Every structure is written in structure tokens, then in C-alpha cells.
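Novice: The following block contains the structure, expressed as C-alpha cells.
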Amino acid sequence: MRKIDEFLLKFEKNAAKILILVMVILVFASGIMRFLRYPINWAVDMSTFMFAWACFFAADVAWREGKMMTVDLFVKRLSRKVQKILRLANYFIIAAFLIYLVIWGFYLSYTTRFRTFVGIPNFSYTWVTLSIPIGAILMLRTTFLKIKSEFAENKERASTEGEDK
């Protein structure tokens, strides 16, 4: 399981980096070509595709590594037990929202299956909308791992307290 986690994390990091890099190069090249009166018509559409996927990959990496922005000024003043309860409640709320994104993301992907990009005929918009449920599944997996680690931490603490007595 750990190897799968490491592979997914490495894949998401590299995919996000590559997608953002290619997107920036593409937008820059598109601007230059438009200035030279040879616009790259598909550049904006392809950038939209890359941006959507890069956002979800990067969001999962940040979520997994604990680099999401938090406002914990109030929470830090509470006891460890209350902090843990609030953290778990937060994880369950996030999980519920991500499940919602998975369900409606697949529905949106299905409804956009015949829509194509203006600049890229035969390239379905579904490839962009699929980033929502797939990204949500990845983040849901991370959320469940966080919940699991919270409960594992409880078991560890209980076993070490039992040994101390």
C-alpha cells in the first residue's frame, strides 16, 4: 500500500509540474504567435485542459503533505482532544464534499461527452470535466488516509499509556 501511495504522490507531483510548465509555454507561445498574426487557435482550449488537471493533482499533493492553508489561531488554544475532534469533523465534512464532487463530476462528464472544444475538434470537453471526479477521488483517498492515521494515533497513544501504568 505504501508503494502505491509513493507512486501516486510522485505521479501527481510530476504531472502537475509538467502540466503547468507546458501550459505556461503554450500560453506564452500563443501570445507571441498572435502578435505575429499566426494565432494558435487551440492553445487556450489545451491550457484549460491542462490547468484543470494540474489544479486537482496539485491540490491532492498539498492536502497529502499538509500544505493547505489553515486558520488555526483559535483551534491551537483548545485541548488536544478537542483539536482532534474538530480535525476529524473537518475530515468528514471534506469527505462528504468530495463524495458530492465525485458523483456530480461523473454526471457532468457524462453530460459533456458530446461537447467539443472550439479550437480542437474531436477533443471532447469530457476530458476536462473528468478532472473533477478523478481529482476528488484522489483527495478522498488522502482524506481517508488522514482519518485512518488519526485513529491509528489514538490506538498508539492508548497502548503506550497502558504500558506506563
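Note that Cβ sites are derived from N, Cα and C of the backbone, with glycine treated the same way.
What TrEMBL shows for this protein is this:
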{"type": "DOMAIN", "residues": "23-141", "note": "domain 'Tripartite ATP-independent periplasmic transporters DctQ component'"}
{"type": "TRANSMEM", "residues": "18-36", "note": "transmembrane segment"}
{"type": "TRANSMEM", "residues": "42-63", "note": "transmembrane segment"}
{"type": "TRANSMEM", "residues": "84-107", "note": "transmembrane segment"}
{"type": "TRANSMEM", "residues": "127-147", "note": "transmembrane segment"}
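Each of these features: where is it, how hidden is it, and who are its neighbours?
Specialist: If you average pLDDT over the domain 'Tripartite ATP-independent periplasmic transporters DctQ component' (23-141) in this model, you get 94.
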Novice: Summarise the domain 'Tripartite ATP-independent periplasmic transporters DctQ component' (23-141) by DSSP state, stating how many residues are helix, strand and coil.
Specialist: 85 helix, 2 strand, 32 coil
Novice: Same chain, outside the transmembrane segment (127-147) by at least 6, Cβ under 8 Å from its Cβ: which residues?
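Specialist: Sequence-remote neighbours of the transmembrane segment (127-147) are 5, 8, 12, 48-49, 52-53, 55-57, 59-60, 63-64, 88, 91-92, 94-95, 98-99, 101-106, 108-109, 112.
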